[in-house]
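Taken from TrEMBL, the feature active site, proton donor applies to Asp150. Among the features that TrEMBL reports, cob(II)alamin binding site is placed at Arg75, Asp150, Leu174, Leu185, Ser232, Cys257, Asp258. Annotation comment: TrEMBL describes Cys204, Cys207, Cys210, Cys264 as [4Fe-4S] cluster 1 binding site. Taken from TrEMBL, the feature [4Fe-4S] cluster 2 binding site covers Cys214, Cys230, Cys257, Cys260. The tRNA binding site feature in TrEMBL is assigned to Lys239. If you look up TrEMBL, you'll see 192-224 marked as domain '4Fe-4S ferredoxin-type'.
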Amino acid sequence: MRTLISDQDQEDEKALRRREKLTAFIREEAEAQGFDLCRITRPDSIPRAPERLRTFLDEGHHGTMAWMAETRERRADPKALWSEVRSIVLFGLNYGPDEDPRGILDRPDRAAISVYARNRDYHDVIKGRLKEIATRFAARAGEDVKVFVDTAPVMEKPLAEAAGLGWQGKHTNLVSRTHGSWLFLGSLFTTAELIVDAPETDHCGSCRACLDACPTAAFPAPYRLDARRCISYLTIEHKGPIDPEFRPLIGNRIYGCDDCLAACPWNKFAASASEMKLRAREDLKEPSIAFLLTLDDAAFRTFFSGSPVKRIGRDRFVRNVLIAAGNSGDPALIGQCLELARDPSPVVRGMAIWALKRLMRPEDFARFAQTRDVEDDPGVREEWRLAGAG
Ligand code: B12
Ligand code: SF4
Ligand code: SF4
């Protein structure tokens, strides 16, 4: 008996073979570039994300990150960002720490820099690799390609969940069964048709460890974050003085926060980062507050060269370190705080006043308050008022 294969069937068969080959090619490339995970989804795979993003923005949970609202249409829908995109490849890179990052939180003379920022800027590390893959893939497939990591208006977490890299846990970050919460994400958009993977399902169950671990109660509900209360937002994204409500709760966290990630039981399956550029620099594991308070602009830039910390600039950084100083209970830091109370930056002067109020004996602080400049910047005058010396 003869089987009749139509031209259409042959075409379909050919297209499928091509998709399979390109899919295998991109997976091999991802592995060669050291990515730990690589899976594929379609641009229409996150139908609930636009509504959820809208709620987040309408409730003001993005705080001063105005760029999130400005890009909302493109962010919510990959097709609005690039109408020709047919497949989205999601990559995960493990940045797991060697030890529990919460260990440093009860050492008040030390400053806690979150795990992701203890070495090279992951944007640089990932972007270079994605560009490499993109160039090779475009040449092989003869298709258009764009790559993104973090800063583009792409909802990386729901897309990664749809591609099956992991699921969005109650702390809102992606959790992987094999890497826990320590994964950076990046994506490659292409006009090529690829074979898609199955989405991951939620494995949080009745656990709420991350929600209970948050020092600032930043989760209004499971799976929802109010960034305005999150220490990561406050210490990295937020400019100007930090609301006094949060200062004591920040403890010694001077750049980002890992508490909700570190609390996740799925981390027991996580290995330490194999990429050397993402393994903690020794001098960023537990830097002393006293040392960090000495950094002027030039020293700050040198010390944090190549690090994501450099992004926030010296003044915002020293603002954070002064909060940690004020929380340290260590009167040995008073001399440095007094010097910083005369710093050219108003945000630094203001936070030095707050730290001094906590570190000095009341009679010493009252004497110091008499030296204040009554004509100072409004933000600094507000700090004097809050310190009871307005
Ligand atoms: C803005 C931003 C922030 C903001 C806001 C964080 C947030 N959760 O939205 C701030 C500055 C606070 C922040 C902090 C951090 N960030 Co950030 N951030 C981003 C960024 C740029 C956009 C995230 C976004 O779109 N938020 C908008 C909200 C609406 O989207 P969403 O978080 O996906 O919200 C979902 C849930 O709320 C859910 N949802 C809502 N209601 C409901 C109800 C139910 C029932 C369910 C199931 C779900 C659900 O649906 C929404 C849409 O999917 C991404 C990069 C990117 N382009 O995606 C990195 C990114 C999320 N950040 C990252 C990291 C590492 C961090 C920090 C860990 C850094 C640190 N150590 O300090 C912290 C973690 C804090 C936390 N718990 O989220 C990684 C996370 C990697 C991962 N494994 O998930 C990303 C992906 C960057 C990257 N390329 O690797 N970040
Ligand atoms: S990063 Fe820290 S402050 Fe932000 S939600 Fe997680 S535990 Fe709370
Ligand atoms: S700590 Fe528990 S609730 Fe939070 S993400 Fe991990 S498994 Fe889910």
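Cβ atoms here come from the backbone N, Cα and C positions, even for glycine.
Unlike curated records, TrEMBL annotations are generated automatically.
When each of the binding-site residues Leu174, Cys207, Cys210, Cys230, Cys257 is scored by how many other Cβ atoms sit within 10 Å of its Cβ, Cys207 comes out lowest. Using the Cβ center of Cys204, Cys207, Cys210, Cys264 for [4Fe-4S] cluster 1, the list of other same-chain residues with Cβ within 8 Å runs, in sequence order, Gly169, Lys170, His171, Val175, Arg208, Ala209, Leu211, Ala263, Pro265, Trp266.
Looking at Cys204 ([4Fe-4S] cluster 1 binding site) and Leu185 (cob(II)alamin binding site), their Cα atoms lie 20 Å from each other. DSSP gives Cys260 ([4Fe-4S] cluster 2 binding site) a helix state. Straight-line distance linking the Cα atoms of Cys210 ([4Fe-4S] cluster 1 binding site) and Asp258 (cob(II)alamin binding site), rounded to a whole number, equals 10 Å. Taken residue by residue, the domain '4Fe-4S ferredoxin-type' (192-224) breaks down under DSSP into 5 helix, 2 strand, 26 coil. Within 8 A of the CB centroid of the [4Fe-4S] cluster 2 site residues Cys214, Cys230, Cys257, Cys260, the other residues of that chain are His171, Cys210, Ala213, Pro215, Thr216, Ala218, Phe219, Leu225, Ile231, Ser232, Asp259.
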